[in-house]
Each structure stands twice: as C-alpha cells, then as structure tokens.
C-alpha cells in the first residue's frame, strides 16, 4: 500500500485547493517574467508575492472548512452512538415489562382455568348466613308452649256465620234467574243446594271468647286433682256409710234404686246433725269444766 492511500480523505481535501492555487501562482509568475518588459500592460500584472499572500488566507479557509466537515462527519456518528446507547436500555426495559405483564396475565388465566368456581364458595356462605340471620330474627317462626299460646291468644270477635241461611237464598236466586232454563239444570241446582246444606251442618270448633275462661281451665284441672289426704278421708266416709247399709234388713235392699238415691242425702243430713250435736256437747262439757275451775279459784 502507498503512503497516500493511508491518509485520511479529509486531509486530501484540505491539501487539494492549496496545491492548485500554488500551481496557478507559479504559472502567473512565469508569465510575468517572460513578458515583463514586452508591453505597457506589464504594470497591471499582480506580483507573485501578492498572489502567495492571497493564497495563504485561502489555505487557512480550506483548513477550517476541512475541520468543520470532519466535525460534521464525526458528530452524527457520535450522536447516533449515544442515542443508540440511550434507546437500547429503554427498549430492553419495555420488553421486560411486557414480558412480566404477559407472565402475570398467563398466571391469572391459568388460575381461572384451574379453579373456575373459586369465588362461588364465598357467595354461597354469605347467602346461607343471611338466610339464617333472617330466620333467627323472624318472630313468626318461634314455637311457644301450649299453655302460653292459649293465654296469648286474645278474644276473637264473633264471626258472622254465612252458612246459616245461604242455601235457601241461593236456591231462590238461582231458580229465579234460571226460570227459563230446562228441567235438567234445575235438578243440578237442587243437588248443589243439598251439598251446601250438608257442608253447613258440619259443627264448627268451639273457640273460647275470653281470657278468663282460658285461665279457669288450668284452675279447674288443679281442683279436680285432689290431694291424697282428702281422697283417703272420702274413702273412709264411704266405707262408714256402706257398713250401716250392709247391716240393714234385706227388705230394704229390695227397694228401688230411686228410693235408695233419695234416702242417701237424708242419711247424710242425719249424720251431719249427729256430729254437730256431739260437738256441742263437747263444748258444753269444756265450758262446765272451766266454770268449775273458776269457782274453785274464787273460793
């Protein structure tokens, strides 16, 4: 390789105008030497020194232009490198973010595919909780005891019985409205009236009208249940009454049952009178004893 080939192209550009201008100046100087004495126009010719002096600034301008061209050529290369260095990391970060987003979306998609009913359990539990809460706070579902429910029921207003006389009214109305109807329809109306009467004859359940009656029922039940002592006394009295009845003659045993039922109250009255007389006698005896004691103390 030659030495000229290794040189930078910008340096060749800078030296090219200088060599051309030097050649022109030498040619002009040679012309002046040849024709300096020949004609009157020799004074108008520019000396070689002046041409060289002019060529100096021209060479300086050429060097400056070459440096500017080299700078302009170098600046795009450096700027492009810096821009590439700045753009490179930004693009890499964006690509990483996109890859991360894609991975997250893929995970979500996989989760939804693997567990499609993940949120149904929470919804079902919330629904069951709300239903149980409503059932717990609903007063119409509470079950009370029998006696409490009977006491809590208030007096019912007397409901008018619409089934007292509607069959006759229906018969009169229907027969009056269907006077022009054929005989077969009249028989059907009579059968319907009979069925309505049978439905009306069904007894209705008795409903207590007052709370007082409802409260008396437990008291009556308690009164019916007598204590064992009273039951034993009643048995003794019955046995005592049965013994004299057994000692009576057989003629009285043949008495009709009506007479026996009539004589039993009389016997009970006599026994009560005897018991009262005995009590009075005992009281009189006690009074006599007290009087005797007082008299003895007074003496």
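A Cβ is built for glycine as well, from the same backbone N, Cα and C atoms used for every other residue.
The model shown is predicted, which means the values in this text are computed figures rather than measured ones.
Per Swiss-Prot, compositional bias 'Basic and acidic residues' is recorded for 1-10 (among others).
Summarising the annotation, Swiss-Prot assigns region 'Disordered' to 1-102 (among others).
Summarising the annotation, Swiss-Prot assigns compositional bias 'Low complexity' to 20-31 (among others).
What Swiss-Prot records for 46-60 (among others) is compositional bias 'Low complexity'.
Residues or ranges marked as compositional bias 'Acidic residues' by Swiss-Prot: 81-101 (among others).
Per Swiss-Prot, compositional bias 'Basic and acidic residues' is recorded for 215-238 (among others).
Taken from Swiss-Prot, the feature region 'Disordered' covers 215-299 (among others).
The compositional bias 'Acidic residues' annotation in Swiss-Prot covers 239-251 (among others).
Look at Swiss-Prot and you will find 268-281 (among others) tagged as compositional bias 'Acidic residues'.
Here Swiss-Prot flags 270-298 as coiled coil, drawing on sequence analysis.
Taken from Swiss-Prot, the feature compositional bias 'Basic and acidic residues' covers 282-293 (among others). In the compositional bias 'Basic and acidic residues' (282-293), helix, strand and coil residues by DSSP number 12 helix, 0 strand, 0 coil.
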What counts of helix, strand and coil residues does DSSP assign across the compositional bias 'Acidic residues' (268-281)?
14 helix, 0 strand, 0 coil
